[in-house]
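For reference, the structure discussed in these notes is given below.
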Amino acid sequence: MRLQPLFVSLALAAPCALLPTASLSAAPAAAARQADTAPVLVTAAQWQQMASEGRRYPWFAKEQARTEATLKKMMKAGIDVPVPRDKGGGRTHEQHKRNYQALLAAGTLYRLTGDRAYVDYARDMLLQYAQLYPTLGPHPEGRGQIPGRVFWQVLNDSVWLVNAIQGYDAIRDALSAEDRNTIESKVFRPMAEFLVSEPKNYDQIHNHATWAVAATGMTGYVLRDQELVEKSLRGSQKDDKFGFLRQIDLLFSPDGYYEEGPYYQRYALAPFLLFANAIERNEPQRKIFARRDGVLLKAVDVLVQSSYGGLFFPINDAILDKGIDTEELVAGIGIAYARTGDDRLLSVAEQQKRLLLSPEGLQVAQALAANKAKPFDYHPMLLRDGPDGDRGGLAILRMNGERGQALVQKDTMQGMGHGHFDKLNWLFYDNGNPVVTDYGAARFLNVEAKRGGIYLAENRSWAKQTVAHNTLVVDEQSHFNGNWKRGEAHAPQVRFFQADADTQIASATMRDAYPGVAFTRTQALLRHPDLGLPVVLDLLQVHGDKAARYDLPLHFNGHIVTTGFEAEHFPSQRPVLGKDNGYQHLWLDARSKPGSEPRSLAWLLDGRFYTYRFGSSAPAQALLVESGANDPEFNLRREPALLQRVDGQKDVTFFSVLEPHGEYNGTAEYVHGADSRIREIVRTRGSDAEVIELRLASGARIALGVADNSATTSEHSVTVDGHVYRWNGSHARLDRSKGDGK
């Protein structure tokens, strides 16, 4: 017979007990003591509901069984609380991670099953920490300004506390007063005090500080320490300059976009939502989920929208294989669904194949059992950046559903220290794959052999550098000369964004990335009946105050099929492209002579062909390069890129079209549609506007007009081969059918 949770048994037994008069007079004091130790992060009533109903719902029952199996293996292996010695990925580091996971699981399973073995296991582990923690100073492998105690960086200490305090809250009323006092006075309280005492970590607007304030705030609620809660909410000085509330106000845009990008939005989401949940349960009058028009719940939706094929857009410092199945977003989906009842989130939960053993997780399980899931609608959107939404944004253009075409134009803020120097960078996805790529971060997370799992030196020398991205490089220097603090002061200006059924377009201007240089990028995702799939049109206009070298890389995924230009190759030697700012990591494989006529490059990826037609207003070289040079430790992936180079110009315009087409099936041995349906790309300059014309094999012409001044509503005209294109406003789609002279 399954045991009931202990608190359920006590609740049922109390009304039937025959107590002497003296005991009755002591009842209020006993009730007060019980209230002082009762769980507060998840209430006793909520635990009781999960214990009595959870196994009736397959998703919840499966998660509970998985957690039980995992924890029993840990319990069988015995308790191990080692003296901290290692970096990330090392034995002691990984053991302390397993320990906080075990503490959380033990507390949860005690409440769901009533089995005292889980209490004993968690208690004994925490008592060992009570012996260890007072002896610890800065970690011997300490990283950064503030080493941790249990871990090499203080961030991991915060993560430990966020998880462990939840497990402790669940067993606290099952412990003796002596054990509670030992554990709290020697583990949880000194841990929280250590975090609060380090303002360089605690009083910051950054994801590290989010974890710290969530840890101390949740600990404050459990220990009934309102002073600690107030410091967590308002900063260590309680002056509202820092703390959890200020972080909500400054780190998210009104749309729910997080400044550091999707990868770190994913990481920060867990402490934001877990602490917000604790605040809502203990101080509902704060209305934390309503703050800034519900921005925390918006952030969950935005994070899912910032993904393709289940993986997050890897902008800034990002690990490529992080996606919607991460544990942080599992928590986010559960909490957001419980607060909103948005059935679209249930389809994300189905993809995650997991849920939390929490009241929110139970609600998800109940809804899934009732078949309430609806498809999540991935749609085009402009996610404004900055606290007031006026510091650029992330433009997402989409057609043909979840695995169709997605174009991402990165017109965002710098992203603090995790930001890359890639203003107006872009990515493109199609057929379930990244096609125009972003390297992400140079890091092997928690792989000890790769420098302990930290960001590698190549993250700074390659991955952050501008040439590692698909945007303008001037004189082989990175944006803001590679200084992120300078980058924080300057953001792109979004010119316009529009998304219709057949035309989706985004445009932004960047100034001050280079002294005296301004550049504007306009990109469109265009559908046409004579094309099999939507195409990407790209227009990059550069204006400088002196002659310079302009490089425009395109990092792509696939195997080159044809190069539509003559080039010099280097079969006997492989020159390195440059000496610094990322160029030292590029091998030069082929180089064309300068020319102004549009050229092409075609490649094959996962059974689909891609033809890239490109040109420029001034003579340009086409260089084929590959990453991986000057990499003696083999830390970099070998990836191809095309680099257009214009020398000695003040102004230049780059224009291109990327066309997905055809099918290759090696198993069935057939090829369809290997030839591009676009015959020519033509760029024509007018007095105050440009027209890019795509001339199709069918005879039809796709034309896009773009005005220099996006604010104007006046008429613009550009003549192309005797045909006058006219439109009003910032831009217009101006197609012509075969034989159309109008």
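Think of each number as a place in line: the chain as shown, counted from 1.
From the backbone N, Cα and C atoms, a Cβ is placed for every residue, glycine too.
Quantities reported herein were computed from a predicted structural model and do not represent experimental measurements.
Lifted from Swiss-Prot, the feature list:
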- 1-26: signal peptide (SIGNAL)
- Arg143, Gln153, Val154, Leu155, Asn156, Gln204, His208, Tyr263, Tyr264, Gln265, Arg266, Arg443, Glu669: substrate binding site (BINDING)
- Asn207: site 'Neutralizes the sugar carboxylate group at subsite +1' (SITE)
- His208: site 'Neutralizes the sugar carboxylate group at subsite +1' (SITE)
- Tyr264: active site, proton donor (ACT_SITE)
- His418: active site, proton acceptor (ACT_SITE)
- His420, Asp438, His469: Zn(2+) binding site (BINDING)
### Task
Specify the secondary structure state of Asn207 (site 'Neutralizes the sugar carboxylate group at subsite +1') as given by DSSP, simplified to three classes.
helix
### Message
Using the CB centroid of His420, Asp438, His469 as the Zn(2+) site centre, which other residues of the same chain sit with their CB within 8 A?
### Response
Ile315, Asn316, Lys410, Asp422, Asn425, Tyr439, Gly440, Ala463, Lys464, Ala468, Asn470, Thr471
### Message
Please report the distance from the Cα of Asn207 (site 'Neutralizes the sugar carboxylate group at subsite +1') to the Cα of Arg143 (substrate binding site), rounded to the nearest angstrom.
### Response
17
### Query
Nearest to His420 (Zn(2+) binding site) in three-dimensional space, by Cα, is which of the binding-site residues Arg143, Val154, His208, Glu669?
His208
### Summary
Same-chain residues at least 6 positions away from Asn156 (substrate binding site) with a Cβ under 8 Å from its Cβ, in sequence order, are Gly88, His93, His96, Lys97, Gly148, Val150
### Summary
Long-range Cβ list for Tyr264 (substrate binding site), cut-off under 8 Å, min separation 6+ in sequence, same chain only, gives Asn207, Tyr258, Asn316, Asp317, Ala318, Gly415, His418
### Message
Sequence gap of 6 or more, Cβ distance under 8 Å: name the residues on the same chain that satisfy this around His469 (Zn(2+) binding site), in order along the sequence.
### Response
His420, Phe421, Asp422, Asn425, Asp438, Tyr439, Pro553, His555
### Query
Over all shown protein chains, what is the count of other CB atoms within 10 A of the CB belonging to Asp438 (Zn(2+) binding site)?
24
### Query
Looking at the recorded positions Arg143, His208, Arg266, His418, His420, which sits with the largest number of other Cβ atoms within 10 Å of its Cβ?
His420
### Message
Helix, strand or coil by DSSP: which one applies to Tyr264 (substrate binding site)?
### Response
helix
